[in-house]
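Trainee: So TrEMBL has the following annotated:
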type	residues	note
TRANSMEM	48-67	transmembrane segment
TRANSMEM	141-160	transmembrane segment
TRANSMEM	167-187	transmembrane segment
TRANSMEM	199-218	transmembrane segment
TRANSMEM	230-252	transmembrane segment
TRANSMEM	272-292	transmembrane segment
TRANSMEM	358-377	transmembrane segment
TRANSMEM	389-410	transmembrane segment
TRANSMEM	422-441	transmembrane segment
Amino acid sequence: MSAESRAVQDPDLDDGDSVALPRRPFVVRARSAADAVVSRASDLRARLGDRSVFFGTFVVLFSGLLFRNRWVFSRHVTEFGDEALNSLLVRKALRFHLLVGNYSRVGFHHPGPAFMDNQAIGQGLFYDLLHLVPAPFNGQLVAVMAMNCLMLAAVVRIVWRHTGSLACALLAAVVPYTYLAFPTAGGDPIASTWMPDQYLVPVLLLIFSAAAVSTGRLTELPYLAFSCLYLWHGHVSFLLIATAIAATAVALPAVRRVVSGSWSWSFERRPALIAAGWVLLFALPLVLNLALHWPGEFGKYLHYSQSPQAGHHSLSQAVDYMASYWSTGSHPFLELPAVYLAALCSAITFPDTATRRFFTGAVVGGAMASLMLVYYATNGIDDLSASYIGMWSMMVVPALLLVIACRLWTLFRRPPSALPRVAILGAAVAALFVAMTAPHLENLYTPGRSTPQAFKSLQAVAGGRTIMIDVGADIGPDVPGIVLQAARQGDRACVTDPAMALFLTSDYICTGADRAHGTLFYASRRPQTQEKDGPAVAILGGTEFSLKPRS
């Protein structure tokens, strides 16, 4: 055979025929390169610790997210609506006076201040201390993005610890990040201060930390405690939902004992102590609020749960509500069982026992999340047209897809060539970078409202006196911005109706002194056709402020 070529027998040719191919054809070179990549990946896997995986993932994800939202370093954002109301809570959190969470439209505040505390850290660090951003809201947004990326990195770390697979760790970053980056999950879910968006990533961490604990190991108990308690603070429904998922994780080893006759718990002191620390930290504001304002918000929760407003939907309506988060198409009931069945089959067929238990726990956790949403829709949600209430349940989808993806990967663990594995990993990395360019990673919060100008107009009329605002029956999105603007400038603006304390807290309800020395303005919705003239002192968005009530 020539040194320049080799004969390759073609089964479709006669025995005596052959075809000459180059000595180093493309496929051979590709296979050789793939083998080299896999060899280097194996070396990297041997050197990597779980801390390196955690911090490396965080740096990559947060850098990409921050780059997509680099406007936070240059654009001054003035809040309105819910963002302004939450910023008023953040101001209390900065003074360590906040013991409750954001408001609920059904008449109470959610249990704890953890989400507002995180935003307060961002405002205090990036705006007040380091002056890296031009406005308080920008600092809050940076903190929210950082927290989401930290929790995604924690998911990757958990998967890495329980599979020992660098590929599965990569998929644990790619699958949720890609899912959240595209329209499947709605707006800008990991770059958003909107509360329903902020529940998404903690739910994913809850599912996988619960899956880890369900194997009988306590290594990830701190993550389970953190995600469960963090969600408790964020929304009252998680007092039931997150607890049920965590309890299921704790119960699974006991179920295995009944089935197999052997106890599978392995007690580890350090993670147990860290988890206990999280419990004490998150319990502190709840206990203080109960002690200072008994029965606090929990009395309101009980009253709501017993009212005609809570739930009272049929089981079929609740199942429809849960299934609506699985598909924007017309066949969610086909997709839901198909994905669950594929994930379950994938989980129970993993060749390694520990990995099989871990991913089975993830599927069980996802199923429990869906079941609890059905229960909550039946017994707790007042209006099933409010689609944002159950948005968190969408994270069951990437959790199950990750289980399926990792099982498919194991099918390529020992092929004749490393080429398929490298192709899959290359596609995963490419998907991650494509996701980083997706428009849904950029927060599109509009800073264009002229709140400072409207406030100056009110100030000019008030002449240094307190700005009192009669909002009528609806506070609207614009008045909170005025109240916040006044507070940040060291001035006083308040609302006359005590019922508005639900939104603004009692700090911004007019007192007797305010009424004695203040100037009263009436805020009302402005007709679309009205120009900026007539009796209006100031116009902000769709609200006009005047010295006389609209007739």
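Glycine too: its Cβ is placed from the backbone N, Cα and C atoms.
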Trainee: If we skip the immediate neighbours and take only residues 6+ beyond the ends of the transmembrane segment (389-410), which ones have a Cβ under 8 Å from one of its Cβ atoms?
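Mentor: Sequence-distant neighbours of the transmembrane segment (389-410): 159, 163, 165, 167-168, 171-172, 175-176, 179-180, 184-186, 196-197, 199-201, 203-204, 207-208, 237, 321-322, 325-326, 339-340, 342-343, 346-347, 349-351, 359, 362-363, 365-366, 369-370, 373, 376-377, 381, 421, 424.
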Trainee: Restricting to the same chain and to residues at least six past its boundaries, which positions have a Cβ under 8 Å from a Cβ of the transmembrane segment (358-377)?
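Mentor: Those are 162-163, 203, 206-208, 210-215, 237, 240-241, 244-245, 248-249, 252, 311, 313, 315, 317-319, 321-322, 340, 343-344, 346-348, 350, 384, 390, 393, 395-396, 399-400, 402-403, 406-407, in sequence order.
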Trainee: Mind checking which residues of the chain, 6+ beyond the ends of the transmembrane segment (199-218), have their Cβ under 8 Å from one of its Cβ atoms?
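Mentor: Contacts of the transmembrane segment (199-218) (Cβ under 8 Å, skipping residues fewer than 6 from its ends): 147-148, 151-152, 154-155, 158-159, 161-162, 172, 176, 180, 185, 189-190, 224, 226-228, 230-231, 234-235, 238, 242, 245-246, 248-250, 252-253, 256, 264-268, 271-272, 275, 354, 357-362, 364-366, 369, 391-396, 398-399.
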